[in-house]
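Engineer: Dumping the structure here so I can ask a few things about it.
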């Protein structure tokens, strides 16, 4: 077996040897060292000129006084100033006349979309479709409006909310708990559930539905109307279609009749400027179901 040739050398090694292979301990290239020194000098200069070292409150300011936060604040202030002209015009325009000015409508819808994403999408969904069926958060894409879908109605709802205790002008209605409070017997509840299934076009028991019609007229029609079409004046939803806030199965309807529903929406007056409330109302109104 041949023995590999080993060249004699006088260069220092690290002392490691593996299978006859040694590692030289050569000095770093000069260009590499000078580059390394330059980066250290650059870092020191940067520390002096710009904010760098964190302190208990804030950080070292740097001799140039530069602040990216200040730049962002200045840009936001400039954008707000540019938008203020449009917001002033939005406040001065009658709600029903906004669509007559295409530029103003475009601004209102775009501004309202931004407000919606930040303030409303958590409940109503990023696409305004109400998160999921039966969740209790209304779909804003259809033409089903519990409290009315005109611009004035939407502004009122957004401004003061629904069933919250923060504002006396909040929209308010309360459905009785017919089962929990003993207002209806279990048999009557089964009857009225089947009647609601019948008027909404779902599978039902004919005998129970026929008996439930009178139960409905005696206990539910004062808010939901005789035909189940609902009444926006008191926030009573329509029951004669396939749009359900809390679900339209027999079990879900029975749960609503037994224990009632009491959804709450916050009011945004004081949280949003009036102009932004108008803008988000314009956005919601144009989604497809505005009245």
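Cβ coordinates are placed from backbone N, Cα and C, and glycine is handled just like the others.
All TrEMBL annotations are machine predictions without curation.
From TrEMBL, for reference:
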type: BINDING; residues: 120, 123, 124, 265; note: heme c 1 binding site
type: BINDING; residues: 175, 220, 223, 224; note: heme c 2 binding site
type: DOMAIN; residues: 107-200; note: domain 'Cytochrome c'
type: DOMAIN; residues: 207-288; note: domain 'Cytochrome c'
type: TRANSMEM; residues: 31-50; note: transmembrane segment
Engineer: Taking Cα atoms as reference points, which of the binding-site residues 120, 123, 124, 265 is nearest to residue 175 (heme c 2 binding site)?
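Structural biologist: Its closest listed neighbour, by Cα, is 265.
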Engineer: State the residues, same chain only, that lie 6 or more residues beyond the ends of the transmembrane segment (31-50) and have a CB under 8 A from a CB inside it; answer 'none' if no residue qualifies.
Structural biologist: 60, 62-64, 66
Engineer: Provide, as an integer number of angstrom, the distance between the C-alpha atoms of residue 124 (heme c 1 binding site) and residue 223 (heme c 2 binding site).
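Structural biologist: Residue 223 (heme c 2 binding site) has its Cα 25 Å from the Cα of residue 124 (heme c 1 binding site).
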Engineer: Rounded to the nearest Å, what's the C-alpha distance separating residue 224 (heme c 2 binding site) and residue 265 (heme c 1 binding site)? Just drop the number here, would you?
Structural biologist: 21
Engineer: Sequence gap of 6 or more, Cβ distance under 8 Å: name the residues on the same chain that satisfy this around residue 265 (heme c 1 binding site), in order along the sequence.
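Structural biologist: Looking at Cβ-Cβ distances below 8 Å from residue 265 (heme c 1 binding site), excluding near sequence neighbours, one finds 123, 157, 161, 162, 163, 164.
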Engineer: Other Cβ atoms within 10 Å is the metric here; tell me which of the binding-site residues 120, 123 scores highest.
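Structural biologist: Ranked by Cβ atoms within 10 Å, first place goes to 120.
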Engineer: Which whole-number value in Å describes the distance between the Cα atoms of residue 220 (heme c 2 binding site) and residue 120 (heme c 1 binding site)?
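Structural biologist: So the alpha carbons of residue 220 (heme c 2 binding site) and residue 120 (heme c 1 binding site) sit roughly 31 Å from each other.
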Engineer: What other residues of the same chain, not counting 175, 220, 223, 224, have a CB atom within 8 A of the CB centroid of the heme c 2 site?
Structural biologist: 219, 221, 222, 236, 239
Engineer: Sort out for me which one of 175, 220, 223 has the most neighbouring CB atoms within 10 A, since those are the binding-site residues we care about.
Structural biologist: 220
Engineer: Please give the maximum pairwise Cα distance, in Å and rounded to a whole number, for the heme c 1-binding set 120, 123, 124, 265.
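Structural biologist: Those residues reach a largest Cα separation of 11 Å.
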Engineer: C-alpha of residue 223 (heme c 2 binding site) to C-alpha of residue 120 (heme c 1 binding site): distance in Å?
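Structural biologist: About 28 Å separate the Cα atoms of these two residues.
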Engineer: Using all protein chains in view, find how many other C-beta atoms are within 10 Å of the C-beta of residue 124 (heme c 1 binding site).
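Structural biologist: There are 21 of them.
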Engineer: For the heme c 1 site given as 120, 123, 124, 265, which other residues of the same chain have their Cβ within 8 Å of the site's Cβ centre?
Structural biologist: 121, 122, 137, 138
